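Structure, as structure tokens:
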Amino acid sequence: MSESHHKTTSDIDYILISDAVGSLVQDVYHSANVQFPNAPLHSELYPFIQDKDSLIEALHDAEDYHSGVIATLINQEMHQYAKDFCADKGLFYQNILADILFDMEKRLDKAPSQKPGIRHQLDDHYYQRIEALEFAVLNDDGQHPNRFEEADIVLLGVSRTSKTPLSMYLANLGYKVANLPLLPESTLPDVIYDINPDKIIGLTNDVNVLNKFRRERLRSYGIEDPNIYSDDSRIHEELDYANDIYAKLNCPIINVADRSIEETATLVLMFLQKNNQL
């Protein structure tokens, strides 16, 4: 919120209002914004808006910048005030939770608690996420393969196929994930063949993308080309080896080229759901 005072009126396209930390409203906003990759929009988050004074301050900023307002407000009075304000000022307004809460109230014939931030209480899902994150860290990059059978998901792939960030993203959703790098010179742990192949996902990438990523990684270490790590023939060799492994395991393959972590994670979960692993 403090940053908004340093912006020009053309800078803030949307003001995001939340009565909690704001992760939900940010996730929804960014899911929409990424559909316009060549025309980025600018937003400002106003978290912990739990009283009318702070809500009015946020709405006045929206009026000043003529910003759209996207909200996750549980309190009905706060929601109605924001809705009326934006309608009066000619501003776009969307409370992501309003229609959902209204429909649930009708179905249950019961009023919602209107307590913000309940989703962040220390419930069973919270502890499941913590356990999954700890598992992902301990079983990253092929560590402790003897524990791979405990995993909900096992990711295989050559270097620079997003194994680690994908593992952490899925772990944050509550899934225990292990990942293993594939190298032609390395022996695949026997345990891989004991794991249900429906839990295994093979990751791959385009040669030109891998070459670019690997060269950038080498430069970050102060190593200049040429280097076998980024050589096209070496990359082809690694990908051929990985594809042979995937064929033997009969596991699904996902090409991560030009895909965000979120998109790849969605495909992973779709494969697992299809194979009755979720």
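Glycine too: its Cβ is placed from the backbone N, Cα and C atoms.
Over in TrEMBL, the protein carries these features:
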type: BINDING; residues: GLY157, VAL158, SER159, ARG160, THR161, SER162, LYS163, THR164; note: ADP binding site
Same-chain residues at least 6 apart in sequence whose Cβ lies under 8 Å from ARG160 (ADP binding site): ASN205, LEU210, PHE213, ARG214, ARG217
Candidates SER159, THR161: member of the binding-site residues with the richest Cβ shell (10 Å): THR161
Residues close to ADP site centre defined by GLY157, VAL158, SER159, ARG160, THR161, SER162, LYS163, THR164, Cβ within 8 Å: ASN179, PRO181, LEU203, ASN205, VAL256
Packing count at SER162 (ADP binding site) (other Cβ atoms within 10 Å of its Cβ): 22
Per DSSP, three-state class assigned to SER162 (ADP binding site): coil
Secondary-structure category, per DSSP, in which GLY157 (ADP binding site) falls: strand
Close in space, distant in sequence - LYS163 (ADP binding site), Cβ under 8 Å, 6 or more apart: ASP140, ASP141, LEU155, LEU156, GLY157, ASN179, LEU180, PRO181, LEU203
Site with most surrounding Cβ atoms, counting all protein chains shown within 10 Å, from the binding-site residues GLY157, VAL158, THR164: GLY157
